[in-house]
Amino acid sequence: GGAALSGLIAFIAFFVLQRCAGRIIKCSLYMGVAMQILLCITLFIVAWPMGIITLIFVLISLWYIYYVRNRIAFAEAHIQVGCAALRSHPSILGVAVGMLILQLLWIFFWGLMALGFEHVINGSNNKNSSSNKSAGGLLAIVLLTSLYWGALTFRNITHFVTACVVGQWWFTADAYRQFTVERSFQRAFTTNFGTISFGSLILAFIKSLRIVAQINESNARRDGNILLLLISCCAVCILRIFEGLVRYLNEWAFVFAALTGQSFRNASRSFLDLFQQRGWTMIINDDLAGNALTIVTLAIGFISAGIGGIATYVAMPHSSSRAPIAGMAALFCFTIGLAMGTIMSSILSSGVRTAFVCFAMNPAALGATHPEHLQNLLLAWYQFHPQEFAASGFAMYLPKPAGSVSSVYAAV
């Protein structure tokens, strides 16, 4: 029942997001500033020096909102494009759930394998402790890499298939989009599986090194080894930065691989070329869309918890323990709702990024397949980059206002 309820709420939230994406983005920005202001007031009462530092962050957040106010419509238009593309292929949700199940199975079998290795190592009669320690560290890296490699590969397959679906929706007419999800799924496990696996392997190796460095940091802190603690802290910080950069590179490189069939190396190069041209626009668009998706995910979780808890409480009027049971039901529904919202948000995030790449590659193609969405994107582009829009030659796709004297329409 909790899964059905969370699925229904996620389904409703999908359409709400498509129609009210701009308002949700603004709500997420204002809520973030409001929470910072409350924290700032609290810190001024408790410890005023920390309040001053928090006030600086509040001012930075206000400046950021002012700076991106004209870009909200652009992010909203991308979310609407992603929702429209995925709504035409709802079976992508089945792919996401299937890959999630495969991830769980991979983790389960990996756990059995790790227990087997631990049994063999502990049962060995080798008394060379230094040799065992170095071999154990190397084995930990190999095992962690295999764990993350499999889990990341299955997750990135969902990302790849979503990018393929949105690309087909963008470039291809309705009559030629039959079996899009099936063909994209086949590509992910055949011709482009090497690209997905290689990118996932790089990130998995960095994540495993970071975990080992964190373990060494904890051991050094427990043993009081200052030098090893300093080295481990620096290693964890550097690896965390590299992990974030490689994760960001992978997510965009897989989009290029899905749209063009490029190898991982060429897709990464295409991403870097696009980043040089539209770097800040990509980051801000990603951030605004991510804020909206996070708000929707949390809302799905809390609404599911509220409805599930209240329904359980009302259904047990004569039970003396209905309050704790209702609390457990609310927690269960919150967990299921959060999982459902996370799956939906990850798919939509992939769709938004793919729409951004498609818009950079060939905006005119959308005019042939879905002209109404192209108009929304162009109008949003014009709002925050009027000079570039005027020079792009796409003003003809926008309806000309009556009595307009804007230079944008001079050539139309």
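Any Cβ shown, glycine's included, is placed from N, Cα and C.
Those TrEMBL annotations? Automatic predictions, nothing curated.
A quick note: this is a predicted structure, and the numbers were derived from the prediction, not measured.
Residues annotated as transmembrane segment in TrEMBL: 6-25 (among others).
Beyond its flanks by at least six residues, the transmembrane segment (37-66) meets 29-30 of its own chain at Cβ-Cβ distances under 8 Å. As annotated by TrEMBL, transmembrane segment applies to 37-66 (among others).
Per TrEMBL, transmembrane segment is recorded for 92-113 (among others).
The transmembrane segment annotation in TrEMBL covers 134-151 (among others).
Beyond the transmembrane segment (188-206), the same-chain residues lying 6 or more positions past its ends with a Cβ under 8 Å from any Cβ of the stretch are 141, 144-149, 152-153, 156-157, 160-161, 164, 239, 242-243, 246-247, 249-250, 253-254, 257-258, 261-264, 267. Feature annotation from TrEMBL assigns transmembrane segment to 188-206 (among others).
According to TrEMBL, the feature transmembrane segment maps to 226-242 (among others). Beyond its flanks by at least six residues, the transmembrane segment (226-242) meets 206, 209-210, 213-214, 216-217, 219-220 of its own chain at Cβ-Cβ distances under 8 Å.
With a cut-off of 8 Å between Cβ atoms, the residues of this chain six or more beyond the transmembrane segment (288-313) that come close are 1-2, 5-6, 9-10, 13, 16-17, 21, 24-25, 27-29, 31-32, 68, 71-72, 75, 78-79, 322-323, 325-327, 329-338, 340-342, 344-345, 348-349, 352. Residues annotated as transmembrane segment in TrEMBL: 288-313 (among others).
Long-range neighbours of the transmembrane segment (325-348) within the same chain, counting only residues 6 or more positions beyond its ends whose Cβ lies under 8 Å from a Cβ of the stretch, are 2-3, 5-7, 9-10, 13-14, 17, 79, 82-83, 86, 92-93, 96-97, 100, 155, 158-159, 162, 289, 293-294, 296-313, 316, 319. Here TrEMBL flags 325-348 (among others) as transmembrane segment.
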